[in-house]
Amino acid sequence: AGFKAGVKDYKLTYYTPDYETKDTDILAAFRVTPQPGVPPEEAGAAVAAESSTGTWTTVWTDGLTSLDRYKGRCYHIETVVGEENQYIAYVAYPLDLFEEGSVTNMFTSIVGNVFGFKALRALRLEDLRIPPSYSKTFQGPPHGIQVERDKLNKYGRPLLGCTIKPKLGLSAKNYGRAVYECLRGGLDFTKDDENVNSQPFMRWRDRFLFCTEAIYKAQTETGEIKGHYLNATAGTCEEMMKRAIFARELGVPIIMHDYLTGGFTANTSLAHYCRDNGLLLHIHRAMHAVIDRQKNHGMHFRVLAKALRMSGGDHIHGGTVVGKLEGEREMTLGFVDLLRDDFIEKDRSRGIFFTQDWVSMPGVIPVASGGIHVWHMPALTEIFGDDSVLQFGGGTLGHPWGNAPGAVANRVALEACVQARNEGRDLAREGNEIIREASKWSPELAAACEVWKEIKFDF
């Protein structure tokens with residue numbers, strides 16, 4: 001029998017409301033906004049088709065394979081409450097559609113061409129369920145939370161960081177000086193800004209050398225292990241690896257990568273190198289807002305966060321809940337759990353559409369950074385808990401007495417909050433009081449409290 005040529009509705013093949021999802025399926029929740037006149041079933045089925053085996057017309061070669069085995073299926077559709085003409089379409093993809101250990105391939109399918117599809121006004125990937133049968137094909141984070149604490153010998157509190165500012169324009173020697181002052185004052189880490197790569201005013205090798213000198217000097221004087229996130233992001237993968245190898249030769253504990261601008265392929269290679277060579281890997285999410293900021297189109301950050309845990313990174317920026325960058329508390333805590341925990345229950349109030357079981361993949365430490373200062377410390381300690389990095393750029397370097405006192409102020413504020421919490425005090429209610437008490441015996445903290453007493457980024 002010849003095949004039946006012509007165009008037929010996607011929903012005849014790809015909308016299967018009776019389908020029972022398999023444990024090995026990758027599940028996706030899409031927020032679909034169909035064009036006027038396109039029924040939601042057709043829109044959901046179109047997404048399933050275009051992101052798996054479908055094309056716009058029936059083709060003769062369909063007969064050479066088993067669509068039933070390989071097609072994506074839209075198995076459930078629900079209306080989004082409070083939005084006009086928006087639906088959540090749930091799609092199940094058979095495991096065989098994806099190359100093992102490749103976030104790149106997973107995204108090329110799931111969020112590839114389908115996002116330019118005419119029948120849809122907008123499309124957003126809200127969440128993915130990664131089955132253990134797929135996640136087990138990834139190395140994941142180079143080290144994870146416990147190994148990092150053991151390497152650094154730091155327990156029972158959040159870690160403190162600072163991005164060196166001005167982010168562009170300092171010479172390598174002045175940059176190293178700022179690193180030393182911050183680490184000497186009491187921070188655990190300092191950070192290259194995400195756009196510091198290797199520019200004419202400061203070439204990467206000079207920066208690496210001066211920062212390493214700063215790290216070793218601060219370590220010797222404080223008796224604590226210190227780190228600086230040396231940004232290895234580069235224009236080619238070869239150049240990126242060259243920078244990572246040089247960092248390893250210098251004996252530093254941690255390097256950094258911009259995983260979205262650098263790309264998942266480069267990031268995964270770097271993560272493998274970091275595990276093999278004992279380097280921690282700090283991940284910055286520059287470019288994420290291009291993808292995740294629109295509520296009806298793109299991808300939610302929780303998907304980018306899951307992808308990073310698979311590709312590999314030990315720290316990732318994840319919003320602050322309290323600073324200058326967007327982030328709603330419950331949603332933020334939702335993806336913070338997805339980064340850190342082994343097993344996360346489905347919870348729609350926190351934006352988690354699927355129960356996610358990471359089995360034993362190491363966790364990633366969330367980094368809170370952006371417009372935060374000493375008065376935020378109690379809230380940050382309570383919201384993020386011990387397994388986090390709190391990063392104060394302006395909140396350290398903007399101290400009226402300089403960088404080292406700025407670092408002292410942050411460390412004193414943090415230790416005061418941790419001690420108060422361990423004594424059973426309520427950080428949410430008594431936060432300001434705790435900071436005030438601590439500032440009585442720390443002039444550096446008192447000066448910081450004075451400068452930032454009124455600032456809030458409310459819009």
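Using N, Cα and C of the backbone, Cβ positions are placed for all residues, glycine too.
Taken verbatim from Swiss-Prot:
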type	residues	note
BINDING	N113, T163, K167, R285, H317, S369	substrate binding site
BINDING	K191, D193, E194	Mg(2+) binding site
MOD_RES	K4	N6,N6,N6-trimethyllysine
MOD_RES	K191	N6-carboxylysine
SITE	K324	site 'Transition state stabilizer'
Problem set entry | DSSP three-state assignment for R285 (substrate binding site) | coil
Seminar exercise, completed: Fewest neighbouring Cβ atoms within 10 Å among the binding-site residues N113, T163, S369 goes to N113
Problem set entry | Under 8 Å by Cβ from K191 (Mg(2+) binding site), same chain, sequence gap 6 or more | G161, C162, T163, I164, H228, Y229, M256, H282, Q391, G393
Exercise. Once near-sequence residues are set aside, which residues in the chain of K167 (substrate binding site), 6 or more away, have Cβ atoms under 8 Å from its Cβ?
Worked result: D193, N195, V196
Exercise. Near E194 (Mg(2+) binding site), meaning Cα within 10 Å, which of K4, N113, R285, H317, S369 (recorded positions)?
Worked result: R285
For this session: Mind giving me a neighbour count for the residue listed as 'N6,N6,N6-trimethyllysine'? Other Cβ atoms within 10 Å of its Cβ, every protein chain shown.
Result: 7
Problem set entry | Under 8 Å by Cβ from R285 (substrate binding site), counting only residues of that chain that are 6 or more apart | D258, Y259, L260, F301, L304, L308, I316, H317, G318
Exercise. What is the one among the binding-site residues D193, E194 whose Cβ has the most other Cβ atoms less than or equal to 10 Å away?
Worked result: E194
Problem set entry | Whole-number Å value for how far the residue listed as 'N6,N6,N6-trimethyllysine' lies from N113 (substrate binding site) (Cα to Cα) | 26
Exercise. From the centroid of the CB atoms of K191, D193, E194, the recorded Mg(2+) site, which same-chain residues not already listed sit within 8 A by their CB, in sequence order?
Worked result: T163, I164, K167, D192, N195, V196, Y229, N231, M256, H284
Exercise. C-alpha of K4 (N6,N6,N6-trimethyllysine) to C-alpha of S369 (substrate binding site): distance in Å?
Worked result: 57
